[in-house]
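J.: Per Swiss-Prot, the features are:
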type	residues	note
ACT_SITE	C117	active site, proton donor
BINDING	K22, N23	phosphoenolpyruvate binding site
BINDING	R93, R122, P123, V124, D125, L126, D308, I330	UDP-N-acetyl-alpha-D-glucosamine binding site
MOD_RES	C117	2-(S-cysteinyl)pyruvic acid O-phosphothioketal
Amino acid sequence: MDKLIITGGARLDGEIRISGAKNSALPILAATLLCDGPVTVANLPHLHDITTMIELFGRMGIEPVIDEKLSVEIDPRTIKTLIAPYELVKTMRASILVLGPMVARFGEAEVALPGGCAIGSRPVDLHIRGLEAMGATIDVEGGYIKAKAPEGGLRGANFFFDTVSVTGTENIMMAAALANGRSVLQNAAREPEVVDLANFLIAMGANITGAGTDTITVDGVKRLHPATYKVMPDRIETGTYLVAAAVTGGRVKVKDTDPTILEAVLEKLREAGAEITTGEDWIELNMHGKRPKAVNVRTAPYPAFPTDMQAQFISLNAIAEGTGAVIETIFENRFMHVYELHRMGAKIQVEGNTAIVTGTEKLKGAPVMATDLRASASLVISALIAEGDTLIDRIYHIDRGYECIEEKLQMLGAKIRRVPG
């Protein structure tokens, strides 16, 4: 397994381009299955999960055409099997997203129960209950979800999500696009990635209103037509590089991004002492060499502070002036990175769903291990400011969510290199 070696102490300075959002690209790729012709999706990030999703299509008999800029053309009319096999699905939770489109378009689906990051219990029961409300019959047996649409296809339904679920909202919204009649999704997720998926479906001819609010209305149509669509920028990648610059007292300009989908994070960075300027598709952060001030953070569904930025702000607080509380309300067991940061000298106490972080002027390089995607980003950030070398193991977690992380950090002046395991 590859490792990263980071020598701390370099102040980040420069410009980088932000990649397309993985959490938008994956549902959009799944949604191409709803179309009755070829669809082109552009601005895909070069990430393992994206490759896995494209490989899954290949296993189903679809042959995606990929160009060197990683835009992909998919023609779902060539599909030969409606099974998403375990060996592919086990590595990627987002594979559950093909369930709704396949049942809606082809009348049946068989999808292995998914794998992915080990964060708390992330049940798929909302997906199943939503499809059942639309008339599907579903059995879970042998580790597979087997779903069948009723005679005449899925029916529009009113469905209330007990808990806000991004992938649940996406799956049911996709299925509803081709259902007979109107579906109303209540307590729906409001994330920008849900809006991006809705915009893609609309580009193919779907009739959807309310995306970005907690009530989404979908009037089913008979068919979705070919379209070309560009995936939105990755707001979590954007935020991660801004925090990295803030921690090192540096300056960074991130381009090809969207400041309007990151307001809660930018607000906290300003609170930490960063000077932030924005344009239509760029954000610049400048710390002017100063040490950040500790901030209190509480994660909550969009538009509040995102859970996927929690770990990065623990790293910021770890070297900040003062003490900050980080409260995690979305996932359980999402403080695994704290025990690795302790090895670097961070002063963090975890009490239930709260981490109390007392800033220290210096962290020390140490061998550490990535436990999940965002936790690994926090280790990279802390390593940038630590004295000496930090060796980060199990970085395949990082590669699941960050495109070319070492190249981008090198462009900003970081001393970072990848070594084969």
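Backbone N, Cα and C atoms are what each Cβ position is placed from, and that goes for glycine too.
Can you tell me where each of these features sits in the structure?
T.: Residues within less than 8 Å, Cβ to Cβ, of N23 (phosphoenolpyruvate binding site) and separated from it by at least 6 positions along the same chain comprise A94, V166, E191, E193, D234, I236.
Reduced to three states, the DSSP call for L126 (UDP-N-acetyl-alpha-D-glucosamine binding site) is helix.
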J.: Give me the CA-CA distance between D308 (UDP-N-acetyl-alpha-D-glucosamine binding site) and K22 (phosphoenolpyruvate binding site), in Å, as a whole number.
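T.: Checking the Cα atoms of D308 (UDP-N-acetyl-alpha-D-glucosamine binding site) and K22 (phosphoenolpyruvate binding site) gives a distance of 13 Å.
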J.: Cα-Cα, whole number of Å: V124 (UDP-N-acetyl-alpha-D-glucosamine binding site) versus K22 (phosphoenolpyruvate binding site)?
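T.: If we compare the Cα positions of V124 (UDP-N-acetyl-alpha-D-glucosamine binding site) and K22 (phosphoenolpyruvate binding site), the gap is 20 Å.
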J.: Round to a whole number and give the Cα-to-Cα distance in Å for the pair R93 (UDP-N-acetyl-alpha-D-glucosamine binding site) and K22 (phosphoenolpyruvate binding site).
T.: 12
J.: Report, in whole Å, the straight Cα-to-Cα distance of L126 (UDP-N-acetyl-alpha-D-glucosamine binding site) from K22 (phosphoenolpyruvate binding site).
T.: 22
